[in-house]
Amino acid sequence: MAVFLQLLPLLLSRAQGNPGASLDGRPGDRVNLSCGGVSHPIRWVWAPSFPACKGLSKGRRPILWASSSGTPTVPPLQPFVGRLRSLDSGIRRLELLLSAGDSGTFFCKGRHEDESRTVLHVLGDRTYCKAPGPTHGSVYPQLLIPLLGAGLVLGLGALGLVWWLHRRLPPQPIRPLPRFAPLVKTEPQRPVKEEEPKIPGDLDQEPSLLYADLDHLALSRPRRLSTADPADASTIYAVVV
């Protein structure tokens, strides 16, 4: 029974850590973090209360490891570089210089997966970290994801509308291809040579002579020499064609 009572605090620390450790401070203060109930601490882990204030994502991240040389190993990209140091040869007790955004829970992990936790509240973080315009570009992912989602929804809606209209409209008949008449090569027509009109009275073309009807009375009568006026005498006409 006495052994069980001695092991009870260790079992509770493994199950839920050290629930009584809580620290408050202002930016610029120095606070001490200690491992309570952990026999062989090997690393420290930090879960920020306002990760956007530091440009981080939610979740735990390691901030310190124990090493065989006695000098703790600090990750190069952790937010406590230059402000966190060990107070003993191990990593059981740490000193932290507070800064805005350091609020969160610090976990001290043991070799047998036991842990203790210390909750840190930095005064002013609730107001400072919720102010508009957080640093380190943390606002961009928060705006980019909704915009991408809205664009995806609009694109899918447009595709659905086009598909629905395409199904409702009757299919259009296929127009026949235009037909072209074969090209026939025609020879140019030669100009018709006009015949020259015949000139009446051309004796060379028409050797025959046609005589008009003569005055038979004048021909049947012998011509008399008369002293009468020549105008009174009968006239003989000849028509040459």
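Glycine is treated like the rest: Cβ placed from N, Cα and C.
Owing to the predicted nature of the structure, the values given are computational and were not obtained by experimental measurement.
Record check of TYR128, TYR211 in Swiss-Prot: the feature phosphotyrosine is attached to TYR211. Looking up the ranges 7-12, 235-240 in Swiss-Prot, the one annotated as motif 'ITIM motif' turns out to be 235-240.
According to DSSP, ASN32 (N-linked glycosylation site) is assigned to a strand segment.
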